[in-house]
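The signal peptide feature in Swiss-Prot is assigned to 1-18; the stated evidence is sequence analysis. Under the heading repeat '1', Swiss-Prot lists 68-89. Residues or ranges marked as region '10 X approximate tandem repeats' in Swiss-Prot: 68-267. According to Swiss-Prot, the repeat '2' annotation covers 90-111. The methionine sulfoxide annotation in Swiss-Prot covers Met110 and rests on similarity to another entry. Summarising the annotation, Swiss-Prot assigns repeat '3' to 112-122. If you look up Swiss-Prot, you'll see 123-144 marked as repeat '4'. The repeat '5' annotation in Swiss-Prot covers 145-166. As annotated by Swiss-Prot, repeat '6' applies to 167-188. Annotated repeat '7' per Swiss-Prot: 189-210, in sequence order. Positions annotated as repeat '8' by Swiss-Prot: 211-232. Per Swiss-Prot, repeat '9' is recorded for 233-243. Marked as repeat '10' by Swiss-Prot: 244-267.
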Amino acid sequence: MKAAVLTLAVLFLTGSQARHFWQQDEPPQSPWDRVKDLATVYVDSVKDSGRDYVSQFESSALGKQLNLKLLDNWDSLTSTVNKLREDLGPVTQEFWDNLEKETGWLRQEMSKDLEEVKAKVQPYLDDFQKKWQEEVKLYSQKLEPLRTEFQEGALQKLQDLQEKLSPLAEQVRDRARAHVDTLRTQLAPYSDELRQRLATRLEVLKESGGASLAEYHAKASEHLSALGEKAKPALEDLRQGLLPVLESFKVSFLSALEEYAKKLSSQ
């Protein structure tokens, strides 16, 4: 229970910097590294799920009848996309490094604000943890007689046990909801304070002069433009790699349609 409450605190205050237990000895990731890892996981999941759908279609009766060899084309497409990712790796890394460098001061200020707000809300989180542990203990005490009855065979039907448990479960749910609502109310001012601090930081940047904002905009545009220019060769390679795949799919599809038309005409 304590771990669950601490997890809630970490999620609320630090943006979920928790790692898997086998990664605890690794150096902490930067926010940009986490964003890049998340994007990679998303792309890989889409790629894997897409291949599963293609495989399921080819295994179906219609897929076997058409014989489009979609899985071979999908694997070729995947290889081409993977090559694109490898080619763009250094370019995107440079973009992330530049962006992280330009926004470093703002992240440092916000980290300080987060630590201050975290210190203020910690007593409320500790109080919530204490009350929740008390509720669990109380619920366990109320369940003990029912557990004893059930073990001794006094309750012959599971329905009887469910009828006795339902009021207790509803009571615990209502009390838990009340504690969560109280915690939400207590934390609301600090959430507003954090948003206000961020707005203040941005306002300071704005009031520091139009030249500063224009400079950041120009740098961002420059980085994006450089990313686009450096990505052109890799994108052209992707286009060239896709052409044989698309042509193969086109030929297979037209051949399948022609074969299907012949079967219809012969019937």
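If you go along the chain as it appears here, the first residue is 1 and each next one adds 1.
Each residue, glycine too, has its Cβ placed from N, Cα and C.
Within the same chain, residues at least six positions away from the residue listed as 'methionine sulfoxide' with a Cβ under 8 Å of its Cβ are Arg197, Leu198, Arg201. In the predicted model, residues of the repeat '6' (167-188) average a pLDDT of 79. With DSSP classes pooled into helix, strand and coil, the tally for the repeat '3' (112-122) is 11 helix, 0 strand, 0 coil.
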